[in-house]
Amino acid sequence: MLILRRQKSLLLNSIGIYRIPFQSYLKLPSNQKAPKSTHQRPKDARKPPPKPRKTIPFIAQLKEIDDPDAAFRLFVDHEDMGFNHDYPTYSALIYKLARSHRFDVVESLLNRIKENDVPCGETIFIALIQHYGKANLVDNAIDLFRRIPTFNCTRTRQSFNTILDVLVENGRLSEAIGFFKRASEMGFRPNSVSFNIIIKGYCKNGQFGEGCKVFDEMLERGVLHSIVTYNILIGFLGKNHDLDRAMTLFENMIRRGKHPNAVTYALLMDSLCSIGKYVEAKKMMFDMEYRGCKPHVVNFGVLMSDRARRGKIEEARDLLVEMKRRRYKPDVVIYNIFINYLCAEGRATEAYKVLVEMQVEGCKPNSATYRMMVDGFCKIKEFGRALRVFSAMLSSKHYPRAQTFSSLIVGLCEDRKLSDACFVLGEMEKRNIGLDGEGWEALVRIVCVGGAVCIVDLDQLVPLVVQELEEVEVEYCVLF
């Protein structure tokens, strides 16, 4: 028995457990470190590689399709062949349709999900609420939020916060406050994210005082302020050039044990730049590291935006060089700063060089990049080049805004390129995006010359024009 106890003691000692109980680690002096375990993992022992995800053929095919109608046909074809669609396949198609604003088909699929009793996660509803919000279909978003339980899916605070944010972002603060006040009735306890959304809403409305009341209410209800909470208020004060109060709040934040992040400093730097204190803003970026916060790309972006906004593109480029020298990799936002201001100055050709440069550097353009380039070329009447960028945008699966579509159609009509204008119009139709009055007027003018119809193929244009003319107040000729 003694030998067994001795062996057990040696075994426990060998793995660093027996000599010092766990509780004693909590009592070690601050200058004394806990002993390291002598147990080491064998060098050749490795974690087994993660199992590869099983590829679903339908989803793989769906990813290769851009046309939402073709995607839906693929869905139906698989169904006709006896394939039983489940949550992953339904959600994959719904995401694609929502991005194309085909919400009519989305609702049809949601009805199928309910009829077939397909188990759903809350994630798909959160994404759809966000898409409805971006499309300004707020009532649809509210309705979907209320319908989530009918899909045998439990609503959580995440979907609650999502609908709050959609309401605030679409200027419906009073309704957001109504939801917020009824949170407990719906089974939710608001967290810091919920409060932050309401504070943001008040600040967007210019009601800083009301936002401060919600700020105080957080502590009364046992919800701690987050860095985001402070950033919202600091950002509001900075935009309104109230730098003194912003700095006071900044110091108060530090006293309460909240460590400012790169965004906090960026907001203060932007405020300094807005009142012409660029040198002080630049000093703040280089001083922030001494206060325990490493500069981030966003801080360089603030300085570059200020220089570019004031027409000092070369100084902005110097900052880009400095950024790379310090081993910060520029992201798409940084490159977009250059593209935006170059296009605004009518220097779209130079902006295009930046677009090429960023791709060579391994940075992929986003929707904003392409949109600015299309608008930039339209501004200098280079509609052919604008169309090429537009085509690249579509091939990379980014979607323009309605205004970008319209600007391009108007420009192509000015160049009398009807077939190209019809191509752009067709892409709008695929995405269920309506053309504005200016766009329709431009199309009608190119089709009708002095009361006579141009000799062009109108098969694809006439039905669309006839469908929309009643909604658009323009002078037009009869197309027959």
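From the backbone N, Cα and C atoms, a Cβ is placed for every residue, glycine too.
Automated prediction, rather than curation, is the source of TrEMBL annotations.
Because the structure is a prediction, the values reported are computed rather than measured.
Summarising the annotation, TrEMBL assigns region 'Disordered' to 30-54.
Taken from TrEMBL, the feature repeat 'PPR' covers 156-190 (among others). Long-range contacts of the repeat 'PPR' (156-190) within its own chain (CB-CB distance under 8 A, at least 6 residues past either end) are made by residues 122, 125-126, 129-130, 132-133, 136, 138, 141-142, 145, 148, 197-198, 200-202, 204-205, 221, 223.
Residues or ranges marked as repeat 'PPR' in TrEMBL: 191-225 (among others). Here the repeat 'PPR' (191-225) has long-range neighbours at 157, 160-161, 164-165, 167-168, 171, 173, 176-177, 180, 183, 232-233, 235-237, 240, 256, 258, meaning same-chain residues at least 6 beyond its ends whose C-beta is under 8 angstroms from one of its own.
Per TrEMBL, repeat 'PPR' is recorded for 226-260 (among others). Listed as Cβ neighbours of the repeat 'PPR' (226-260) (distance under 8 Å, sequence separation of 6 or more from its ends, same chain) are residues 192-193, 195-196, 199-200, 203, 208, 211-212, 215, 218, 267-268, 270-272, 274-275, 288, 291-293.
As a whole-number mean, the pLDDT of the repeat 'PPR' (261-295) in this prediction is 94. The annotation repeat 'PPR' is assigned in TrEMBL to 261-295 (among others).
Tertiary proximity for the repeat 'PPR' (296-330) is limited to same-chain residues at least six positions away from its ends with a CB under 8 Å from its CB atoms, namely 262-263, 265-266, 269-270, 273, 278, 281-282, 285, 288, 337-338, 340-342, 345, 358, 361, 363. According to TrEMBL, the feature repeat 'PPR' maps to 296-330 (among others).
Helix, strand and coil counts from DSSP across the repeat 'PPR' (331-365) read 26 helix, 0 strand, 9 coil. Annotation comment: TrEMBL describes 331-365 (among others) as repeat 'PPR'.
For the repeat 'PPR' (366-400), the list of distant contacts is 66, 99-100, 332, 335-336, 339-340, 342-344, 346, 348, 351-352, 355, 358, 407-408, 411-412, 414-415, 417, 420, 424, 427, 431: same-chain residues at least six beyond its ends, Cβ to Cβ under 8 Å. Taken from TrEMBL, the feature repeat 'PPR' applies to 366-400 (among others).
Residues or ranges marked as repeat 'PPR' by TrEMBL: 401-435 (among others). Note: the repeat 'PPR' (401-435) comprises 26 helix, 0 strand, 9 coil (DSSP; helix = H, G, I, strand = E, B).
Secondary structure by DSSP for the repeat 'PPR' (226-260): 26 helix, 0 strand, 9 coil.
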